[in-house]
Amino acid sequence: MGQSKKLNKQPNSLSPLVQLAGIRKCFDGKEVIPQLDLTINNGEFLTLLGPSGCGKTTVLRLIAGLETVDSGRIMLDNEDITHVPAENRYVNTVFQSYALFPHMTVFENVAFGLRMQKTPAAEITPRVMEALRMVQLETFAQRKPHQLSGGQQQRVAIARAVVNKPRLLLLDESLSALDYKLRKQMQNELKALQRKLGITFVFVTHDQEEALTMSDRIVVMRDGRIEQDGTPREIYEEPKNLFVAGFIGEINMFNATVIERLDEQRVRANVEGRECNIYVNFAVEPGQKLHVLLRPEDLRVEEINDDNHAEGLIGYVRERNYKGMTLESVVELENGKMVMVSEFFNEDDPDFDHSLDQKMAINWVESWEVVLADEEHK
């Protein structure tokens, strides 16, 4: 989350495929998308991420042509498609329910779109079989949907969506109906398929782990607005505000007060009663309130016994949760704040398996913290 962990950013040479400009949408007089601008690049896997009701599915439906905008423009490959019917947009959508035809075979489900487009009969079989090979279902062509597993149905829906070679594939929470293990498997398969096809994917989800795993770029939304737009690493390690920080994974938020600025990067501050140096990349004044954000895995803990003294935030272990590779501890600071700490499991460390009520000192590597201004005390 800090300077010492940043990777070099790769230059973005992708060209725009979809451009949303000044998009506004209301339902029953209620504004759900007040003013949205978004560019989606050729060949990228972009995820719209946010809580229920944030507007992400509405944006997807506007791109697909399943809803009409109240104002603004939608461009696809430099062509204005704002008022173009959905069937003429060269955009396909995979819904959460998959929407397979139960009376048709897998082959006929995949071929349906080609027949609707009046594709020459001689082309249909090779194109359908090519699509089924891409999703490793060529031997299932004559089965009915009820004879397939959930993951196989998912792949049929994707094959049907890509068989007519759309410019853009939209996926609306299309993994959420799968069990955990199958969902993890499909995340990898979907990303590999996207790379193989070279088609631009726009994926909608409220699952943060899913977004971090699959995406080239994540757009975090709240109340119809974009809160942050960046790579998974940027979103996780450099959240721009408290909403993004709290929505993406676990995070600890410490209250801090500025004492003085030391140099261009560092500020001396009181953090939950402890004086320390923090990295602040914006102007601050003595006495100003700040938030210091640290992920559980970025914290370091040390047991304190009666005969030793340790620097750091002092607290006591209140809960321990064994997670296989990690041990998660909840530490209560002396001021009552609860802090989550995650440590990689090390059975050779005699002090690793902390006892309940064990006194602890919490520290972190300087510059790994993210510091945000306190909006309420500006």
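Each residue, glycine too, has its Cβ placed from N, Cα and C.
Since this is a predicted model, take the numbers as computed values, not measurements.
According to Swiss-Prot, the feature domain 'ABC transporter' maps to 18-248, an assignment based on sequence analysis.
The Cβ neighbour count for K56 (ATP binding site), using a 10 Å radius over every protein chain in view, is 26. Annotation comment: Swiss-Prot describes G50, P51, S52, G53, C54, G55, K56, T57 as ATP binding site.
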Please average pLDDT over the domain 'ABC transporter' (18-248) for the predicted structure. 92
Pick out which of the binding-site residues G50, P51 has the most other Cβ atoms within 10 Å of its own Cβ. G50
Here the 10 Å Cβ neighbour count for C54 (ATP binding site) comes out at 23
